[in-house]
Amino acid sequence: MSSKQVFAMIDDWITRGWLSQLDKAFAVFLHDLEPNANQVVLWAGALVSHQLGRGEVYLDLEKLCLQPGLTLALSSDDNENALCLFKADSADDWISQLKQSVLLASGAGSTPLVLQNRRLYLRRYWQYQQTLDRQISLRLQPVRHQLPADFQQTLQQLFSENQEQPDWQKIACVLAMRSRFAIITGGPGTGKTTTLTKLLSLLIQLAKHETDKPKLTILLAAPTGKAAARVSESIANALEHLQMPEEIKQQIPKKASTLHRMLGSRPESRRFQHNRHNPLLADIVIVDEASMIDLEMMASLLDALPESTQLILLGDKDQLASVEAGSVMGDLCQAAEYAAYDQATLQWISRYSSESLSAVDNPGSAINQQTVMLRYSHRFGEHSGIGQLARAVNAGNVISAQSILSDTGTYPDLKRLTLSDSADTQFKQLVLAVGDKQSNPGYGHYLNIIFQQRPNDADNYEQWALDVLQAFDLFQVLCALRSGDWGVEGLNQRIEKWLFPEIKNTLWYAGRPVMITRNDYNLGLMNGDIGITLPDVVGKLRVAFPGNENSSKIRWVSPMRLPDVETAFAMTVHKSQGSEFNHVALILPDTRSPVLTRELIYTGITRAKAHFSLLECRGDIFAQAIALSCK
Ligand SMILES: Nc1ncnc2c1ncn2[C@@H]1O[C@H](COP(=O)(O)OP(=O)(O)OP(=O)(O)O)[C@@H](O)[C@H]1O
């Protein structure tokens with residue numbers, strides 16, 4: 001096939017919606033670099049770019065030849081003919097043709113493509129992966145071969161009230177004392193923050209014992225402002241309930257910053273102020289909501305850490321991966337549920353925690369040895385429909401998930417609605433509901449506060465705005481897609497009309513919630529931050545954003561200074577990561593889509609703290625989504 005024919009086929013794929021102009025542009029770029037490049041190189045370029053666009057950092061050639069439709073997540077059912085091109089070849093055929101090109105190397109160099117273990121990368125992403133592998137493996141070496149004699153007693157005291165058997169929280173602490181890398185994963189309310197607080201108190205005591213260091217430098221971060229605010233709140237809560245000496249409590253950080261702020265972001269640049277030449281000064285760095293971190297950000301973080309810094313990652317491995325390329329947390333936590341510990345790890349656990357775990361037939365990787373999965377949700381007990389539903393979805397158990405959803409007698413925190421059309425009245429009622437924290441709130445609640453509780457005096461303005469922001473957080477409509485009647489765009493238009501029928505041709509109005517869609521370093525507003533448009537003391541519209549992570553003061557911004565925002569009555573599940581709402585209404589579209597996966601449904605459900613409503617236009621989409629996993 002000539003290059004002209006390849007580009008004609010790529011155009012056909014673009015028409016089908018399978019590839020983008022960006023993917024073609026990358027193939028054209030390769031062709032410009034090597035005009036004689038064979039067709040495999042051009043296709044490989046377009047497909048690596050396509051995979052990156054859907055969050056995959058490499059193209060798996062083996063999988064491509066076996067299951068092209070699935071590997072590339074192509075949306076149509078009639079893709080067989082178009083894909084026979086790939087099925088005819090084996091991965092070895094692809095590799096031997098790729099290796100003839102000057103555009104590809106199997107490691108160091110400057111070629112745009114890198115082939116490693118039958119995986120094809122863009123060089124930049126291969127480098128990120130190298131940084132990640134190297135920096136993590138450095139930290140996996142044990143730094144302690146034994147712990148002080150009185151350590152066990154301190155540990156027993158800290159965990160004396162825990163009822164779980166085995167006590168995974170205790171095991172997580174013991175393992176994290178061994179080396180400079182640890183992962184603590186678990187669903188919502190499994191005690192990640194509580195465990196972290198206890199772990200930090202142990203590490204502070206240990207450092208005092210080992211080095212008599214007066215104070216450890218501990219940094220706490222999360223990928224978004226909202227996630228940083230949540231972890232700060234959880235740590236403050238945990239510290240309130242834990243018994244430990246005041247001098248230790250004082251060393252535990254109470255405020256998290258965003259990763260961007262911690263690393264020192266620079267306007268209009270992907271690079272950070274902190275890197276290997278200007279490392280962060282920290283003994284311990286903790287990152288919460290680590291499932292939201294993409295490969296580039298994780299590589300930047302690791303690049304900025306001195307070798308001696310201990311890194312602790314917390315998060316829920318079963319949540320959706322970041323929107324950007326690379327499901328780092330999911331990859332690092334592979335097989336975490338099997339607790340595939342080797343003999344050395346089992347001995348360490350039993351020696352210091354007195355927990356005895358059974359040996360497994362196939363012990364896992366070095367990363368597995370430093371990973372602990374917390375399994376018992378202290379927030380969603382056995383009677384919580386949200387907890388039960390999340391577990392069934394996560395296990396891919398369609399029958400159980402369906403029956404939990406239908407059993408509203410047993411689980412009053414769940415609701416399931418089948419929508420007749422886009423103007424369904426039940427949906428409208430749910431959105432308009434006033435409710436309050438206890439009953440199912442809709443958007444009527446925050447609007448009541450705006451229009452009925454607006455203070456007459458300037459003194460109470462700040463508090464009123466805080467109340468509005470908190471009330472808006474009680475309810476959120478989530479959806480899977482951006483476009484279409486059931487995507488962010490269609491839903492935002494409809495909900496706006498329902499709530500503000502009198503508003504016409506006006507972009508800005510009192511009550512409009514907006515989400516930032518692009519980092520604005522000058523204003524200190526990050527992609528995903530949400531603000532509400534409110535009239536200020538003299539009636540002029542301004543947008544109220546919660547204070548940044550180190551302050552609880554409202555940040556008032558003029559709408560004129562916010563070019564990159566969109567209305568936020570509905571947001572994608574992806575954008576909702578790191579946030580929680582009392583009531584979540586998850587709307588599934590009326591057509592199948594490769595983005596509708598088990599991880600998306602699980603993430604949507606677990607954003608709900610007290611009430612979860614599933615809104616469907618077609619009965620089969622929920623079951624199909626649960627059956628499809630990103631893993
Ligand atoms: N072992 C335990 N026994 C009893 N209650 C616990 C235990 N561990 C945690 N909790 C309680 O469960 C609740 C959730 O704990 P925590 O905030 O640590 O969980 P998390 O996994 O960090 O939650 P999130 O997913 O929201 O970040 C808190 O009220 C905490 O006090």
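Cβ from N, Cα, C; glycine included.
Feature list (source: TrEMBL):
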- G186, G187, P188, G189, T190, G191, K192, T193: ATP binding site (BINDING)
- 16-121: domain 'RecBCD enzyme subunit RecD N-terminal' (DOMAIN)
- 568-612: domain 'UvrD-like helicase C-terminal' (DOMAIN)
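Feature map: TrEMBL annotations on the structure.
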{"residue": "G186", "record": "ATP binding site", "Cβ within 10 Å": "24"}
{"residue": "G187", "record": "ATP binding site", "Cβ within 10 Å": "23"}
{"residue": "P188", "record": "ATP binding site", "Cβ within 10 Å": "20"}
{"residue": "G189", "record": "ATP binding site", "Cβ within 10 Å": "20"}
{"residue": "T190", "record": "ATP binding site", "Cβ within 10 Å": "23"}
{"residue": "G191", "record": "ATP binding site", "Cβ within 10 Å": "23"}
{"residue": "K192", "record": "ATP binding site", "Cβ within 10 Å": "25"}
{"residue": "T193", "record": "ATP binding site", "Cβ within 10 Å": "21"}
- [ ] Enumerate the residues of the same chain, G186, G187, P188, G189, T190, G191, K192, T193 excluded, that satisfy the criterion Cβ within 8 A of the mean position of the Cβ atoms of the recorded ATP site; list them in sequence order.
- [x] D316, L374, S377, H378, R379
- [ ] Mind checking which residues of the chain, 6+ beyond the ends of the domain 'UvrD-like helicase C-terminal' (568-612), have their Cβ under 8 Å from one of its Cβ atoms?
- [x] 54, 73-75, 187-188, 222-224, 226-227, 230, 289, 291-292, 316, 318-321, 323, 379, 385-386, 389-390, 393-394, 396, 413-415, 419, 427, 430-431, 435, 437-438, 440-443, 473-482, 484-488, 491-492, 495-496, 499, 513-515, 528, 530, 618, 621-622, 624-631
- [ ] Determine how many residues of the domain 'RecBCD enzyme subunit RecD N-terminal' (16-121) DSSP places in helix, in strand and in coil.
- [x] 55 helix, 12 strand, 39 coil
Task: Average model confidence [pLDDT] within the domain 'RecBCD enzyme subunit RecD N-terminal' (16-121) - done: 81
Task: Contacting binding-site residues for ligand 1, chosen from G187, P188, G189 when the Cβ sits under 6 angstroms of any of its atoms - done: P188, G189
Open item on the list: Helix, strand or coil for K192 (ATP binding site)? Use DSSP.
Closed with: helix
